[in-house]
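OK, Swiss-Prot features for this one:
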ACT_SITE  Lys96  active site, schiff-base intermediate with DXP
BINDING   Gly157, Ala184, Gly185, Asn206, Thr207  1-deoxy-D-xylulose 5-phosphate binding site
Amino acid sequence: MWNLAGKELSSRLLLGTACYPSLEHMQQAILNSGTEVITISIKRQTSAGLDGESFWQAVKKLDCHFLPNTAGCRNAEAAINTAEIARELFDTHWIKLEVIGDDYNLQPEPFELIKATRILIDRGFEVFPYCTDDLVLCQKLVDAGCKILMPWGAPIGSGKGLINPYALETLRYRFPDITLIIDAGIGKPSHAVQAMEFGFDGVLLNTAVALANHPALMATAFRHAVIAGHQAFTGGMMSERNVAHPSTPLIDTPFWHQVNNL
């Protein structure tokens, strides 16, 4: 069990609800993942014939905590307004704060992100800020009152994994008491394992499952990956060595090498 913003959870995997081939694929993937927290975009647009009302009914049946996000917002004002709508709609003070500053890599706009964070925290929100792995930006968010940081592993939807391991490990070292969740860029279960081995508290992903050939099966794979990575970290992994070291103890010289003095 772990505590996320006052909620006791079993799963350290958070899952998005966008881009699935159908509602049925989405529901089964979420069930297979074992997640207890799903993200939902307030500005979500239905596509591929999916009915909006059917979507809401589907997610309500999943018995998960909702983490609404401000996807699509490009300044603090828009993000704050969206967060207020989300709080009223979902009856939650949780908000995944996204303020995008660039269309090419969907990198967060740091100045607007910090501005929105300060205002939302003052208004009683628990802010889950989508940010980069920049140490100074993360420190500013913590200074603004964030208890949770959600740095990217790579640009949203890229599937490139953890492109700057050093920066992510540095965040874990510098913020030992902050909840750290990798958000964006995860493409394979092995990426999730790596994030958890770094000591991150959780992983949030969407595209890697939604666009898989078999979303439900991929969700199962990520479920086990997150568990394996976390157990590896808590179990205490051996340190790397520059030279070989025998794994079998040599108590004495093998009998066939001993000199027969008889």
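A Cβ is built for glycine as well, from the same backbone N, Cα and C atoms used for every other residue.
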Can you grab the distance from Lys96 (active site, schiff-base intermediate with DXP) over to Ala184 (1-deoxy-D-xylulose 5-phosphate binding site)? Cα atoms, rounded to a whole Å.
13
Would you count the other CB atoms within 10 A of the CB of Asn206 (1-deoxy-D-xylulose 5-phosphate binding site), including those on all shown protein chains?
22
Which residues, in sequence order, are found in the same chain with Cβ within 8 Å of the centroid defined by the Cβ atoms of Gly157, Ala184, Gly185, Asn206, Thr207 at the 1-deoxy-D-xylulose 5-phosphate site, excluding those residues themselves?
Gly16, Ala154, Pro155, Ile156, Ser158, Gly159, Ile186, Gly187, Leu205, Ala208
Around the C-beta of Thr207 (1-deoxy-D-xylulose 5-phosphate binding site), how many further C-beta atoms are within 10 angstroms, looking at every protein chain?
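The Cβ of Thr207 (1-deoxy-D-xylulose 5-phosphate binding site) has 18 Cβ neighbours within 10 Å.
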Among Gly157, Ala184, Gly185, Asn206, Thr207, listed as contacts of 1-deoxy-D-xylulose 5-phosphate, what is the widest Cα spread in Å, to the nearest whole number?
9
Counting other Cβ atoms within 10 Å of each Cβ, which of the binding-site residues Gly157, Gly185 scores lowest?
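Each of the binding-site residues Gly157, Gly185 was scored by Cβ atoms within 10 Å; lowest is Gly157.
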As a test of the contact definition, list every same-chain residue at least 6 positions from Ala184 (1-deoxy-D-xylulose 5-phosphate binding site) whose Cβ is closer than 8 Å to its Cβ.
Leu106, Tyr130, Trp152, Gly153, Ala154, Pro155, Ile156, Gly157, Ser158, Leu204
